[in-house]
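Student: According to TrEMBL, the feature domain 'P-type ATPase C-terminal' maps to 365-613. The transmembrane segment feature in TrEMBL is assigned to 396-416, 428-449, 479-502, 514-535, 542-561, 589-608. According to TrEMBL, the region 'Disordered' annotation covers 683-723. For 688-701, 708-723, the entry in TrEMBL reads compositional bias 'Low complexity'.
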Amino acid sequence: MDWVDQLVYQAASPDEEALVLAARSLGYVFLSRTQDTITISELGVKRTYQVLAMLDFNSDRKRMSVLVRDPQGTIRLYTKGADTVILERLWGRGPNQDFTERALDLFAEETLRTLCLASKELSEAEYDEWGRRHRMANVLLQGRACELDRLYEEMEQDLELLGVTAIEDKLQEGVPETIQLLKLGNIKVWVLTGDKQGQWSQPQTPPTHFSFFPNQGQSEILEAYWARNNNISGSACVSQQHPEPSCHKKRALIISGDFLDTILPTGEVLQKKGQLWQQVSCHGATDPQEQGSLVEKAFVDLATSCQAVICCRVTPKQKALIVQLVKKHKKATTLAIGDGANDVNMIKTADIGVGISGLEGVQAVQCSDYALARFCYLQRLLLVHGRWGYLRICKFLRYFFYKTFAGLLTQVWFAFHNGFTAQPLYEGWFLALYNVFYTAYPVLSVGLLEQQDVSAKKSLRFPELYTIGQQDQLFNYRIFSVTLLHGVSTSLTSFYIALWAFEDHVGSRTVGDYESFSVTVATSALLSVLVEIILDTKFWTALSFLMVTVSLLLFCLFSFLTQSIDAFRIAPTVFCFPDATQNALTDPYILLVVLLSLVVNTIPSLTIRSYNAITGNTSIQQVRFCFKDQRLGPKICWKARREPEPSVELRTHIPRGSFHRHSSYAFSHQEGYAGLITRGESLRTKGSHNTKSTHTTTNTHNTKDTHSTTSTNNTHSTNDIHT
């Protein structure tokens, strides 16, 4: 049977491949299939099954089935799916069902991904009647999906439980530590998964005192929480039965997809029951839509007050609705991260979408804003690069406004002295080039090249620094007001010092004209802006130095070109400042005026920076202070590794031209590929098979941390199967 080991399977997901490989290791080998047959080797005996119908998977059904005729002519239906939908469709409790349910709970507690398998036998008459209606439903032009779902639901009843499977879904290295760092950075982490609830009963973070709310009492807890926060009388009895969650210091909320159906908007008018709706109605909320909004808000308030929120057995649509619910009722920025096609809706709904490239496919990566190779890279994306990006953007905005106010408000002050005649203070070319060449490059260098106030290692060691951006400490109304006042003071100083100097003195060369005054004010304002940017630049590079130098050189170059005598002779109305800069800046008196304005504008900034350095208000000194401050208590720090940390990979490891890349399809995202198979469009022709053996090695990292090697003689996979 060496030829059996040479089979290479291409599955829609790693779970499907693990199930087929586990069956092969037990002696049941999937050999081949055609449009309407499946060939299997059962303990060495080759058997061919005729495929009669495929009841496809979708996220609402949470199961899929196949209707086959075995070689003896018996028609059987085989179904696999989540335990919540399979167990309720059994014909009765069998002798081993209690043991099976205990095994499901045990597997879930061991963080294994479980599935239930069931089947039933059909007579020829039953199949003929159902098949006739199935063929009619397939050709419907309207209501085809609803009719097929109704037929599938009718067929998948009175099943007999065959057993359960459990697949180990391993986390990557550093996932618990990454979640803990995000929590220390005041980032709420919600886990939205389609797995069984018991699989997430144990927190992945270090042990803390959590209060897990039972699923059957969540409606009453939500009612008590909403009533307590809104001072509604008559909720004392409810609160006694289900204590108010706020009394717990730390708590976690674990809910199921069935409970979310009673809260999340589904497009229909919400019809709810219970005391909570009566209380809401008594307080003026009689409209069902308004009642639904109040319950949504109560749920979001309760969930955000918890340390952890885990939503189990949720569909892709529910994932997107939960994200939309948080965005609706909380002024928060949401980030969604996933690796499969079932996460696409959630990723596209969130403000920031992150896709992880791996064996689950590339649909999540293609629909995301950022693509990562491993989950642990998220800590560097947020706590390091995200924080540095926030610092750069805030600096860019501050100095963009500052340079505009400092350089152009002088025209407002000039209007008070020229009788508001609309005469400009500056030369027209200076106004046109001020924001384009003279001050644009230094500000862009700050926004692009200013990288760090603290190192990446310290940013990971002190994730609390991330809260600076959450609290808008570096750019808010107060910072904008300070920037405005700073720009106004710079413009006032540049204008009135020059006005004072030109009022009674005309210089050694008698240069006290309007053009010289304009050049003096312009030079003073431009140099003050450049010096301010130089003082606040903490991360100097050759390119940063080049930006400032180029700005000064461009000012000199364009002043020479636009104020030359030759240009004035060609177009005197366009180049109306002939030799103004050369005449003004060669006078020592005007140079002293420019220097005086520069010093007066710089002294306040130097004083404030010196004060912050002495008092320890800089971010670097705050980090050192936090390290020494014992009142902060013990911190859970990400230990620095001896080897250098790998850089964030922003592309998939699998080449686009590879024929061994796994399909980007995922079962839990949309309907399956039953129609594609039954039409025969996905099957190769006989002549297209290669007679040579296949040796494929694929190294792919995903959220399962799967290292899969498929070859002619052995297979390694972290998807361990338990049956």
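Every residue number used here counts from 1 along the chain in the order it is shown.
Glycine is treated like the rest: Cβ placed from N, Cα and C.
Describe each of these features in terms of where it is and what it packs against.
Tutor: Model confidence over the domain 'P-type ATPase C-terminal' (365-613) is summarised by a mean pLDDT of 88.
Tertiary neighbourhood of the transmembrane segment (479-502): same-chain residues 394, 398, 401-410, 412-414, 417, 512, 516-517, 520-521, 524-525, 528-529, 532, 589-590, 593, 596-597, 600-601, 604, selected by CB-CB distance under 8 Å and a gap of 6+ residues from either end.
Cβ atoms under 8 Å from those of the transmembrane segment (514-535) belong to residues 399, 402-403, 406-407, 410, 425-427, 430, 434, 438-439, 442-443, 446, 490-491, 493-495, 497-499, 501-502, 507, 548, 551-552, 555, 577, 580-581, 583-585, 587, 590, 593-594, 597-598, 601-602, 605-606, 609 of the same chain, restricted to positions at least 6 beyond its ends.
Long-range neighbours of the transmembrane segment (542-561) within the same chain, counting only residues 6 or more positions beyond its ends whose Cβ lies under 8 Å from a Cβ of the stretch, are 429, 433, 437-442, 444-445, 449, 526, 530, 533-534, 567, 581-582.
Residues 489-490, 493-494, 497-498, 501, 505, 507-508, 511, 516, 520, 523-524, 527-528, 531-532, 535 of the same chain lie 6 or more positions beyond the ends of the transmembrane segment (589-608) yet place their CB under 8 Å from a CB of it.
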Student: For the transmembrane segment (396-416), find every same-chain residue at least 6 residues outside the stretch whose CB is under 8 Å from a CB in it, and list them.
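Tutor: For the transmembrane segment (396-416), the nonlocal Cβ contacts are 423-426, 431, 434-435, 439, 443-444, 446-447, 475, 479-480, 483-484, 486-488, 490-492, 494-496, 521-522, 525-526, 528-529, 532-533, 536.
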